[in-house]
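Peer 1: First, the structure itself, so that you have it in front of you.
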Amino acid sequence: MGTITGIVNFLAKVRSLSFIQIMQRTLVILFPFALFGAFAQVFAASFLSVGGFFGSIFDVDAWLPHYEALRVLFDDISQLTLGMLTVAGAFQAAKYTAKYYHKDDQMAGLTGAVGYCLIFFHHTTTETGIAVEMRYYDYHWLLVGVLIGYGVGQLFRWFGQSENATAADSALILNRAFLAMRPIAITLFWALALHTGFALLRYAKIDQYITTGVQDLANQKASLPITFGAALLTTVLGWFGFTGPLAYTSKISEIEIWDNLDTALSQGSSWHAPHPYTALSLYHSFGTFGGTGALLALLIGLILLSRNRNSRLVAQWSFFPAIFNASLPTMLGIPILLNPLFFLPFTLIPLVNMGLAAGAIALHWMPPVVYPVPAGTPGPLVAFIGTNGNVPALLFGIGLLVVDVCLYWPFIRLAENVNQHLREEAM
Amino acid sequence: MAFQKIRQWPKAVWHWLFLGLFLLLIVGLAWPSYSWTQANVKQMATRHNAKMSPVIMIPGSSANESRFDDLITTINKTDHQNHSLLRLHIYTDGTIKATGAIRPNDREPFIVVGFENNDDGYDNIKQQAKLFGQAFTQLTKKYNFNNFKGFGHSNGGLIYTDFLEHYFKDDQITMKRLMTVGTPYNFAENSTSRKTQMLADFIKDRSAIPENLVVYSVAGTENYDNDSIVPIKSVAAGKYIYQGQAAQYTQITVTGKMAQHSELLANPQIIELMTRYLLDPVKAPTKKTTTRTYHDADPTNSLENDANGQ
């Protein structure tokens, strides 16, 4: 019991650090936007797209008029929520940091958002106007956005005015703007410097070299260590909220995947696929129920067993997108991102699943997954579809889900103990 | 205590109901998923294991689907492969009339596509390319081939180019080779500095052309300038579309007897070029003759420096 109390005390201490507190508040504020964005994304990708899960199995293009226009509308929603989430994150992080040190938080928030946008502002002039590259504004770069927001908040801590001087009195409002000039100028200067440096890197195509370098590294022969290593890298970076350069993970062992498909189509079944342990047959089929970190199991555990009403509410709302592997609402709402409580299960449970699946394939309980699976297929059905309807693969997937709920269970309890501890300390 | 129990009991039921509904959803979706993947894999396997690799041919303006009959007879006499011939006549409303047939187990049949509206002009070309796209989709569904070769005479090559840029989107089907004969990529323009709207559009959308396609553009010349109808500069303008985008782009000029635009199809030299470059090799290919690079990632001439050179 002594060690458990020690762990709880340690985790409670970590969670009371200023950066962690600011981070977690930011994430919670972003939760509703991530939720709406995830719903829209699921409708666009899984229901309204020909290559999506519902789109394929129910032939949506055959009977739903204007499905493409509908998809564009849903895409627009997700573009302005998920697609701008990092900018919002920079805003909130800067605002909360300034507030934490009792400074002008509104000014800090705006400065954080503008500063972040400036660092990654790349545009080209076209015939019809300006095309801005939005890549760095979407949720994959959330960690970077929050760090920059935190930095801007610190600038306001050192150079900004205290809250008292910034009361929203109409006579003082101009005064307030002038008082914020110094931290804004410093932010813009450094953002411009970083922007220039980054633009030079892009001009020299160094970002492309790095991306292709990582891809070449990943494009090796599919062996167990490579597949597991890539999966661990993905989950660890996912926990940090930094998945930007890893958005290509579906390309890992692409050559082997084609080779497998080729053999399976010639032979009429996937039992004798030449590369049984690819990323597709292990990670994408068994390691991502509910998105990175096998979060569907965590949500089921929270809904069934949590004593905390808020956790249950978040879990219920996040459940629908999570069925279709959109995990962002869960990541922000629980939260999982940068939450030391969930580091171990989030990064390791997918690997446990992959290990069990590799064992089941080695023992010939089920064939390797080689056939194409539509985007947005519910987690436990991926292996079923990808093995051309192998029933043991479906049962194995459902069994894994149960195992994952059991594995997440002690961590759900631990999280509740830490919360309890924090509440007691606060009283 | 009793009160609390009454309050808690339905909540627990709701949670387990939630889980039950989820499991029901998964199992309920498993059945349509099963049908979908079975049908999908079956279709993919049929295509994957298909042996047929047709040559799909488009004649020039004013000609119909019988345009290549003599040519195909000659080829059959030369290579003794007894290629079968299917002719499609496409009406302007999209309906298709077929004559001839593909013999079962013919690995390399000829399919000739003619149009009711076979007029010249960019707008007609665009319409014919669209109709050809529809016919092509029907052909792929009916015959399940996974690769094919293309041949276009005169404006037929323009229809192919428009088709490749706008209607050929199937990633399960490879277009291996395209041969165009006397195709006026810049219509009747004698100089490439005056680009027609069509050529400008073709250049704009060239990135849609498959990067593994091997292209041969054959020109005929009766004198130093043209084949009596199409200027050689107009045929040569094809490089602005294909060179550097397709895996290979080769220009061949045929001169001498029977190098007139319409006579080209009876020219023995053209028939030899077709059997050598367009059709699949008859015997097991010796390594020496077929060392083609299909993935030429480093083309030495780009459009820009070529244009500057002129």
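Placement of Cβ uses the backbone N, Cα and C atoms for every residue, glycine included.
Please treat TrEMBL annotations as automatic predictions, because they have not gone through curation.
Quick paste of what TrEMBL says about this protein:
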DOMAIN    A:3-411  domain 'PTS EIIC type-3'
TRANSMEM  A:27-57  transmembrane segment
TRANSMEM  A:139-159  transmembrane segment
TRANSMEM  A:179-201  transmembrane segment
TRANSMEM  A:222-242  transmembrane segment
TRANSMEM  A:282-305  transmembrane segment
TRANSMEM  A:342-362  transmembrane segment
TRANSMEM  A:393-412  transmembrane segment
Peer 1: Which residues, given as numbers and ranges, are at least 6 beyond the ends of the transmembrane segment (A:27-57) yet have a Cβ under 8 Å from it?
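Peer 2: Apart from its flanks, the transmembrane segment (A:27-57) reaches 64, 67-68, 70-71, 74-75, 77-78, 81-83, 85, 88-89, 92, 139, 314, 317-318, 320-321, 324, 326, 328-329, 331-333, 335, 337, 374-378, 381.
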Peer 1: Quick test of the contact rule: Cβ under 8 Å, at least six residues beyond the ends. What residues does that give for the transmembrane segment (A:179-201)?
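Peer 2: Result: 104, 107-108, 111-112, 114-116, 118-122, 152, 155-156, 158-161, 165-166, 207.
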Peer 1: Taking all residues of the domain 'PTS EIIC type-3' (A:3-411) together, what is their mean pLDDT?
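Peer 2: Taking every residue in the domain 'PTS EIIC type-3' (A:3-411) and averaging pLDDT yields 86.
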